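Quick notes on the structure that follows.
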Amino acid sequence: MNRKSVLGNLDYIIAAVALFGIVFFVIINVFCRYILGFIFNWMEELATIMFVWCTYMGIAAAYRTHDHVGINIIVNLLPAKLQFVIEFLIDLFVLALDSIIFILSIRLCISSWGKITPIIGLSYTFVNASISIGFLLLIVYTALRLFEKIKRIKHAFFSKK
C-alpha cells in the first residue's frame, strides 16, 4: 500500500485497527473473567476508548465511500433535476450541522484538558479528539461532494454544446 493510499484511507484504517483492538481485548477479558477468574481493567478501558475512535472514524469512512444507510424512496420518485437539488440542499445542511458539532467538539476537548481516565491515565482530550477529527473529516468530505456538484452544475449550464 503506497503512502497516498494510506493517507487517503486513514479514517478507515484507524476504524479497522480500533475495531480489531476492541474484539481482541474483549475476547481476552471474557476468557480471563470466566476461565481464570480475573480481568484486566485497563483492557476494558482501552476497548471503550477504541470504541469511541472506531465510531467516529467509521462514520467518516462510511460517509466518504457513500456507505451510510439512506431512505431514498420519496426522493427517487422525483425527477432527476429535483433529486439533484434536494441532494445539494441535504449536503449543505449536513455541512452546517457537521460544522456546529465540530465547533462544539473542540470546546469539549478544551474543557476536558485536565481530566484523565481512571485506569490508564490517558487524557480525555485524546478520547474526545476523535469527535473533532471525525467531524472535521465529515466537513472535508461534504465540501468535496458540494464542489463536485457545483462542477456538474457549471458543466451542465456553461459547457459549449
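Note that Cβ sites are derived from N, Cα and C of the backbone, with glycine treated the same way.
As the structure is a computational prediction, the values presented were derived from the model and not from experiment.
Residues or ranges marked as transmembrane segment by TrEMBL: 12-40, 46-63, 84-106, 126-144. Sequence annotations record features per position, and here TrEMBL assigns domain 'Tripartite ATP-independent periplasmic transporters DctQ component' to 22-151.
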Ranked first among 46-63, 84-106, 126-144 for CB pairs under 8 angstroms with the transmembrane segment (12-40): 46-63
PLDDT averaged over the residues of the domain 'Tripartite ATP-independent periplasmic transporters DctQ component' (22-151): 94
For the transmembrane segment (46-63), distant same-chain residues with Cβ under 8 A (at least six beyond the ends): 9, 11-12, 14-15, 18-19, 21-22, 25-26, 29, 117, 120, 122, 126-127, 130-131, 133-135, 137-138, 141-142
Summary of DSSP states over the domain 'Tripartite ATP-independent periplasmic transporters DctQ component' (22-151), given as helix, strand and coil counts: 103 helix, 2 strand, 25 coil
